[in-house]
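Notes to accompany the following structure.
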């Protein structure tokens, strides 16, 4: 199934049903009173998180959704039927954003969680509602209110405990294959991984965590190069980042330079995400002589001025992977205990999570705007020169502003 993590849709709640104007008509009752019923409320639209979904592809081709309209009221004080609510199922981890205001309407992070995105219109009133001591035969009704309408942007972020960072061919997919049952594609060319992959790592019978592998980053990714920048948002909700570095690149490039590229791109994308706990994992140690390990490790650590945990592994030979996964499990358990017992730490992490979300959304929006300008043939706003303006266009200062964009 095709992986889609961003879509734009339009949702329209049902209109409320109109009130009815009716009068009682029975044998021997010549002037019966009003008996027009109210209309039914319009149906609302909800988003529901479904743990069985892992893509938004269903909304790629069907983009307009309308809830049912409420029925009109009837005679004999019959109230119209309420419009049926519409439930749109999305993957767990989906954020719902109002496209017009960029306001985050809600975040669906738990299976079964529901979120109302547009509310159905209120019902209209029948003429029975307007009966009074001075108006015994009212001919007044009200129409139903229109339902809300919104343009929404749905963003899905995979929910994982641990995220993998690295250049293409750093061995991320091989690592996730070696520690979990996931089987992402592995090959000896860059960008083998085109979409995020998830794997469940079982440390023992009762303990496990989820690890996410995203497409590799390259230099300039924060400016739109490669594939990784749009997938970096999937690491926003991870608890720990693993920075994988190839200790023995086939092209004989510098491992310290490669490690530095990832750090720089991460900071450019989101300085707050760079503050997330991160471990350095040096992969493919089986490709170099054992006596060279210490020198290679020191070279990379010194270049990054690294002070955090460092692991030397071989994912394909499964050397050092068991120790790494057990340490990750221990870290996640300690983190959960501290969150439960330390309110200040919990508040600190919540603030960090919010900053990461805001920075990631702003970065991706800026990238989308840049791509839109490229498609229109304009590299930037500054490319529109003075010769592109016509003095006649600015005679009416109160008129609409007209901007010309080169095709």
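Every residue, even glycine, has its Cβ placed from backbone N, Cα and C.
Of all ranges given (107-127, 128-148, 149-169), Swiss-Prot attaches the label region 'Disordered' to 128-148. Matching 344-375, 376-407 against Swiss-Prot, the residues noted as region 'Disordered' span 376-407. When secondary structure is read from DSSP and collapsed to three states, residue 314 (GTP binding site) falls in the strand class.
A simple Cβ count within 10 Å picks out one of the binding-site residues 172, 284 as the most packed, and that one is 172. Beyond the ends of the compositional bias 'Polar residues' (129-143), by six or more residues, the same chain brings 16, 18-21, 23, 31, 33-34, 36, 38 to within a C-beta distance below 8 angstroms of the stretch. The binding-site residues under consideration are 169, 314. Their Cβ neighbour counts within 10 Å are lowest for 314. For the domain 'OBG-type G' (160-333), the model's average pLDDT works out to 83. If you draw a 10 Å sphere around the CB of residue 195 (GTP binding site), it holds 17 other CB atoms from the protein chains shown.
Helix, strand and coil counts under DSSP for the compositional bias 'Polar residues' (129-143) come to 2 helix, 0 strand, 13 coil.
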